[in-house]
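What TrEMBL says about this protein:
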REPEAT    81-111  repeat 'PPR'
REPEAT    112-146  repeat 'PPR'
REPEAT    213-247  repeat 'PPR'
REPEAT    348-378  repeat 'PPR'
REPEAT    379-413  repeat 'PPR'
REPEAT    481-515  repeat 'PPR'
REPEAT    618-652  repeat 'PPR'
DOMAIN    696-788  domain 'DYW'
Amino acid sequence: MYLNDPSIPSTLHSPSDFYASLLQTSLKTRDPIAGKSIHARVIKSGLHLGVFLLNNLINFYAKSGLISDANRLFDEMPIKNTFSWNTILSAYAKQGRLDTACLIFKEMPERDSVSWTAMIVGYNQMGRFENAISMFLEMISARIPPTQFTFTNILASCASLEALNIGKKVHSFVVKLGLSSYIPVANSLLNMYSKSGDPKTAKAVFDRMRLRSTSSWNAMISLHTQSGRLDLAVAQFDQMLERDVVSWNSMIAGYNQHGFDLEALVFFSKMLKESDVKPDKFTLASVLSACANLEMLKPGKEIHAHIIRTVVNACEPVRNALISMYCKSGGVEIARKVVDRSTTANLNVISFTALLDGYVKIGDINPAREIFDSLKDRDVVAWTAMIVGYVQNGLNNDAIELFRSLVNEGPKPNNYTLAAMLSACSSLASLDHGKQIHASALRLGEHSSVSVTNALITMYAKAGSIEDAKRVFDQVSWNRDNVSWTSMIIALAQHGLGLEAIELFEKMLAFGIKPDHITYVGVFSACTHAGLVEQGQNYFALMQNIHKIEPTPSHYACMIDLFGRAGLLEEARDFIEKMPIEPDVIAWGSLLASCNVRKNAELAAIAADRLLVIDPENSGAYSALANVYSACGRWEEAAKTRKLMKERRVKKERGVSWVQIKNKVHVFGVEDGLHPQKDEIYKKIAELWKEIKKMGFVPDTEAVLHDLDEELKEEILSHHSEKLAIAFGLISTPEKTTLRIMKNLRVCNDCHSAIKFISKVVGREIVVRDVTRFHHFKDGLCSCGDYW
């Protein structure tokens, strides 16, 4: 068998030494059959009762993975020494069978450094880091000196837990025992300090090292890349005499993770050209991620070709990175082929979710749903991706239906799922659905998540319940970010609470929360709806001079709207002419809307003309100009404008209002006669019309922009879409409850006046959301103070 093996020393003094050497050779060659044959020879030779040889046999079986054979031999041993106990203990600990290892450890008559270290290694390998640390502290209390192997493992546990205080105490033992110069221990200290957030001490350890391995340098590079100091990482990388694949991977991954994806690709190219180191799965996953972030299909394909050409094992992370790269770079069909050709069972959820996301991003929902339905083990990421896809493509009802299925049959929704669903409810302005999602968030313990909180504020605000939005904001005072403050400021502005919005903004600044460009859109909107022209101008200066935010087209449009709504049309025009950027559709549209309100036909014609140069298909420009002419009694010019609109085949947006009753949305147009309860609705509106006229309401017949007699104008006014929606809501809901109406256009003057009277007649709050803001009508008054 091994009798002529030249690796076996010829000077062995006893048969036991000879057989022990054969067992070591069997271990090296990983030949368990040979080991068992040696065991048989030992028994035949009558040497099977010797402690030395039995210990070698137990060690052979344990390291060969035959732990039951090792355990049987151990039990049969007539005499056991500490080595025997340590061997069987280590076998169970390394296999993760820690309950059995603990029993053996407790039964041991004597324990040495190896015994304690075996338990620490077992706990560390199984991720039970707290147990490893507890075992180490007990070892110190028992006055058992740790070895360098003990320290490397316990420092790894401290690093995993980011337990800096305990790690520092371990470091003091290392110094006391004179093990600081051992490279593996020093590297473990480097790793612990790096992962525990103490780069200063990590650098001090590195600087004191007389001898450094490649791992030492890699630890420092990793430390710098993790903290975003890529300049220091490059400097460290350039000083290295020998680099391995980890060195290159640390640099490439560092660039990729900190948004320097182009630099990651350049470094990868350098790796291929200037070194003999071959990329591994981690290299390829990072560079494919960089291509995905940059949406660069061509280099992504070249990397794919490199993988095929060099026969690199396209393991799960690489294959998933390939799929993600193709999906994000517009190659979703190629990604589908990569998935179809895969035979790896573990790919299912991760890769299919990436593919699903790819189809969702290009708006191709049907194949995305087919893929989703084909998944065998759908995790919460897959469910959330599909729900987000529906929301992003405006299919909010589908998102709600899928969420119901998730609650009934799927995994537990997470904060991303809930935030997506709240976004859907915001788009639908569905308070009932939103409250159900809020209840789900409370049940799942996700209500305090920042993303869910911010989505709740927006949902309640868009659904017309500003009080609920305030309540959510107040409840998370300890967990607010910039988005929370901004969401609440915008919500208050949309509901006409401009002064409250400004007060909240000032409080935000006092707390040291830095506003961004979206915050300022909310601030300017608040000033606009409250008529705070001078304050808005001051904030415009603050944004540029103090917070160094360059105005965007949205900011300029807000300022134009601020001047226009206050009746300062010439100031608005002057502001447009002095803008450093070309006015866009929104800017000219804001001026045109103000001209419409103020009946300034000359300036309206200029604004409409400039708007139509940018967007010839803009129906709002034609309608607004025609309305201005009509309001000024210039019927001929109004007719010409409408005729021009018809000739150019520009379709006018139809004004509609809707109300949600018992999870069903009811939509109404002007003079709508399609609703199944139309007779009841028109009867109710007739009753309301009589009641409010008795109270002093005078119909604003000038709001009918056609040359008709007064009686016909009044009839048309009474049948505006929002009035029909209110009438239906009143006959379909209990008394004293709040009624919430949505409208796709701006509320007209007549409806605004009428709804104030209706709110007093019926004794209800009526909340109307139009295209620009919310109106809260109660007791004959509106929250906007008639300034909108």
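A Cβ is built for glycine as well, from the same backbone N, Cα and C atoms used for every other residue.
These figures come from a predicted structure and were not determined experimentally.
Within the chain carrying the repeat 'PPR' (81-111), a Cβ under 8 angstroms from the stretch's Cβ atoms is held by residues 51, 54-55, 58-59, 62-63, 67, 70-71, 74, 118-119, 121-123, 125-126, 128, 131, 142, 144, all 6 or more beyond its ends. With helix defined as DSSP H, G or I and strand as E or B, the repeat 'PPR' (379-413) counts 27 helix, 0 strand, 8 coil. Predicted-model confidence for the domain 'DYW' (696-788) is 89, expressed as mean pLDDT. With DSSP classes pooled into helix, strand and coil, the tally for the repeat 'PPR' (112-146) is 26 helix, 0 strand, 9 coil. Under 8 Å from some Cβ of the repeat 'PPR' (213-247) lie the Cβ atoms of residues 183, 186-187, 190-191, 194, 199, 202-203, 206, 253-255, 257-258, 260, 263, 275, 277-280, 282-283, all in the same chain and six or more residues away from its ends.
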